[in-house]
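According to TrEMBL, the domain 'Prepilin type IV endopeptidase peptidase' annotation covers 15-137. Residues annotated as domain 'Peptidase A24A-predicted C-terminal archaea' in TrEMBL: 248-358. The transmembrane segment annotation in TrEMBL covers 6-25, 37-54, 60-80, 92-112, 124-149, 170-189, 195-214, 219-235, 241-258, 364-385.
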Amino acid sequence: MMAMIVNIPLICAVIAILACIYASYSDMKNGIIPNKLTFPLIGIGIVLNGIYAFTIGNPLFIVMALIYTAVIFVLGYVFWKFGAWAGGDVKLFTALAALLPFPVTLFNYTILNEQFPVIATYPFPLTLILNSILSIFPFLLIFVFYVAVKTKPHLVGELLSPVKQYKKNIVLSLAITSAVTITFQLTQLLHIQMFQYQILILSFILIYILTLVISKSPNRIKAVIISVVTVFALYEKFEITLMGILFLMISLTVIEIIKKLLTTVSREALQDDYNISELREGMIPAYNLYEKYDKVYTDDKSFLSKFKEAMKTGDVTGLTAPKGKLLISTMAAGLTDKDVELLEDLLNKGKINDSFRVKRGVPFAPSIFIGLLISLFIGDLVFIVEKVLYSIMY
């Protein structure tokens, strides 16, 4: 009995893994994470950690666990209000915070003298969220690629178009390599004494500025700078420089593919037009619908698109002007029966066309499951990336 109580964190980890497997299955099959899963998990997590806190004689353990759980719920609620997460995602993250408020080390191992799993300085539930968000990109890529191949094959070529732009990526990789080399030499020459994170921040700023200057220089000057600095870098550290250039080329290509994935390709692949009569509860609108001066209009531009347009034209009214009364929002919870009735009424009055664009919901639970596994067995990806970058540069 005592051994079982001592192993409560392990039991919580196993419960969390099994729950995420079921949540992933349900989310992919039915598009929902059921309340009958998440609500009991929250209670189970609080009870088990309460027993554990009592057993080890540390009441602060359960107090902090409750605080972390509440904070994650509030954070998730904010994401839900902005339409980024569905209600089931919020409740699943809250349940995981209740089960695993602190890191659970199932086993330790060492790679290149680094201890794994890597534990962050901030609360473990935040590690879960960050890892889950980072994990969604490969899952989203596979999901969108599958949808594009199955329903819209022409989008595959657009998604992979960055691969054809290899010349542009080669030049940019060499420019960044030159900027990194110059930055490294300057920090070594000036003997800058700072904390690790301060050096990283300063270096990133300097690398960004130098990359911008080199990239925007006339072609002849750019060619001279890149040639001289790259040859010097290869002479000083041949293998590291060569690997760095290859890594940058691959990374830039992947970043461009992700940009395509998150913008034009995903917008086309994951959106479909429906007649108003075909709309059902839970379908997620692709744009907000507003009413102003008795006219109904859609707002399908992202804030980033509006910001870029404002910067080009100098007209910021598109960012600050009142949009009118919000009729339909792009909340992840989707349309309600009242929303569908409102759209039917607007159609009958001739205020909208008989076509409404809907987003295909991308199941987030599989990414949460992947994020959980990474958190338990590998550690915090943000901290790992920071360590890798610091080791490469210094």
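Backbone N, Cα and C atoms are what each Cβ position is placed from, and that goes for glycine too.
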Intrachain residues whose Cβ lies under 8 Å of the transmembrane segment (219-235), provided they are six or more past its termini:
171, 174-175, 177-178, 181-182, 241-242, 245
Which sequence positions outside the transmembrane segment (6-25), separated from its termini by at least 6 residues, show Cβ-Cβ distances below 8 Å to it?
33, 37-38, 41, 44-45, 48-49, 51-52, 55, 88, 92, 95-96, 99-100, 102, 104, 106, 363, 365-366, 368-369, 372-373, 376
Let me check one thing: do the transmembrane segment (364-385) and the transmembrane segment (92-112) come into contact, meaning three or more Cβ pairs under 8 Å with sequence separation of at least 6?
yes
Chain residues in Cβ proximity to the transmembrane segment (60-80) (below 8 Å; excluding those fewer than six residues from its ends, i.e. six or more beyond)
42, 45-46, 49-50, 52-54, 86-87, 89-91, 93-94, 97-98, 101-102, 123-125, 129, 331-333
Have the transmembrane segment (241-258) and the transmembrane segment (37-54) got at least three CB pairs under 8 Å, pairs 6 or more apart in sequence?
no
Any idea what the model's mean pLDDT is for the domain 'Prepilin type IV endopeptidase peptidase' (15-137)?
91
Using a threshold of three or more Cβ pairs below 8 Å, and leaving out pairs closer than 6 in sequence, do the transmembrane segment (92-112) and the transmembrane segment (124-149) count as in contact?
yes
